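Student: The structure under discussion is supplied below as structure tokens; questions concerning it will follow.
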Amino acid sequence: MTELKQVYRCNVCGNMVEMVRSGKGELVCCGQPMQLMVPQTTETAYEKHVPVIVQRNGAKITVRVGATPHPMMPEHFIEWIELITEDRVLRQHLKPGEEPVAEFLFEGDTFRLREFCNLHGLWEAKIGS
């Protein structure tokens, strides 16, 4: 069973999908079941992987990955950052060489921030109640 907003990855080719509808059955890619990416919230790499708000100006929210800036080299970088609410997902894709920073327009106080590191997987932080 899949659930809304879950992220799955193919361990063969690296394809990634985010669920836009809950459903039954198993996701398969390259002839193998896709792996559910369970968000990490704490670990030794916490300082470099958990998304944090660095500035909030009205509806504009600036998010950086890590209290210590995350590397953004071709072999190790943040692929995307998301702001997730009950009814929407806002995503910004990043490339090697860019800063691990994203800006979103959102006026609420309760949401999740999620990011994907190509080496260390999915990370998440909950904001608000």
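Glycine is treated like the rest: Cβ placed from N, Cα and C.
Below, the features straight out of TrEMBL:
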- 2-37: domain 'Desulfoferrodoxin N-terminal' (DOMAIN)
- CYS10, CYS13, CYS29, CYS30, HIS70, HIS76, CYS117, HIS120: Fe cation 1 binding site (BINDING)
- 42-125: domain 'Desulfoferrodoxin ferrous iron-binding' (DOMAIN)
- HIS49: Fe cation 2 binding site (BINDING)
Student: Rounded to an integer, what is the Cα-Cα distance in Å between CYS13 (Fe cation 1 binding site) and HIS49 (Fe cation 2 binding site)?
Tutor: 23
Student: Which secondary structure state does DSSP assign to CYS13 (Fe cation 1 binding site), in the simple three-class scheme?
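Tutor: In three-state terms, CYS13 (Fe cation 1 binding site) counts as coil.
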Student: Between CYS10 (Fe cation 1 binding site) and HIS49 (Fe cation 2 binding site), how far is it from one CA atom to the other, in Å?
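Tutor: Spelling it out, the Cα of CYS10 (Fe cation 1 binding site) and the Cα of HIS49 (Fe cation 2 binding site) are 21 Å apart.
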Student: Check CYS29 (Fe cation 1 binding site) against DSSP and tell me helix, strand or coil, would you?
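Tutor: It is in a strand.
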Student: Could you measure between CYS29 (Fe cation 1 binding site) and the residue listed as 'Fe cation 2 binding site' for me? Cα positions, answer in whole angstrom.
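Tutor: The separation of the Cα atoms works out to 27 Å.
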Student: I want to verify one value. Collapsing DSSP to three states, which class is HIS120 (Fe cation 1 binding site)?
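Tutor: Assignment for HIS120 (Fe cation 1 binding site) reads coil.
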